[in-house]
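Novice: If you scroll down you'll find the structure; I have some questions about it.
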């Protein structure tokens, strides 16, 4: 009787990234939101190619012209094409949504990790300062700092980044305090790993999921903050296009030219909603227990 030889089959375990993408793919609303965000990014990158007109060129022969075949979204109070300004304005908004969040992550996450892992006096001082900053509304902090630094898009982004710091410090600290009690962290201590190695080799990589979710939410808040600062004259300065400054100019012409406000207002609304929906989907994909 012939013997049957069984060959063991080794199944490669699914990577964490592939698992997250598979979970995210099940949430079609989140995928649509992510696609919308990518469309905005593409619009900002391709602005020189797809904008039909110079966004800063005025023409007093075309003042407040209604939408037409030549100007799909009409013109503004000095004859500039609203569609072109809307497309170029996406650059200011996306930069204001990305750069302040990246700056806040770079400075606040290491501080939060060290504070949560070390504890003691350092943790107490860091949290008292963080609590004091969180006691003041985010937008008020950004406006105050931008007014102090001066009206400019770079200063506005710096102000938004500083205002975002306490949110990420608190989140990183809470995650570090939770992770430091895990068995693999204790094992690293037993084998003699230094505190810095434990903090940045074992704790920091395992807190990325909540940080990524919070980053998407804060990017939406930063876009609103930049639009608010530009609306108040503290952000992007004319004639450079910005959705906030476009809304500022439109408020004086709402009765005669409502299209001046519709385009930038709709862009802010759609982008912020898309970022928040994508953030919710990313949270559920990274932590399926929360569904």
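Using N, Cα and C of the backbone, Cβ positions are placed for all residues, glycine too.
TrEMBL annotations: computationally assigned, not manually curated.
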Novice: Between 94-120, 175-201, which stretch does TrEMBL give the note transmembrane segment?
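Specialist: TrEMBL lists transmembrane segment for residues 94-120.
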Novice: Cβ under 8 Å, sequence separation of at least 6 from the ends of the transmembrane segment (255-279): give me the contacting residues as numbers and ranges.
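Specialist: For the transmembrane segment (255-279), the far contacts come to 29-30, 33-34, 36-37, 40, 64, 66-67, 73-74, 76-77, 82-83, 86, 89-90, 93, 97, 213, 216-217, 219-220, 223-224, 227, 243-244, 246-247, 249.
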Novice: Is the transmembrane segment (94-120) packed against any residues at least 6 beyond its ends, judged by a Cβ distance under 8 Å, and which are they?
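Specialist: Cβ under 8 Å, 6 or more out: 40-41, 44, 126-127, 153, 156-158, 160-162, 164-177, 180, 195, 198-200, 203-204, 207, 211, 215, 218-220, 222-223, 225-226, 235, 275.
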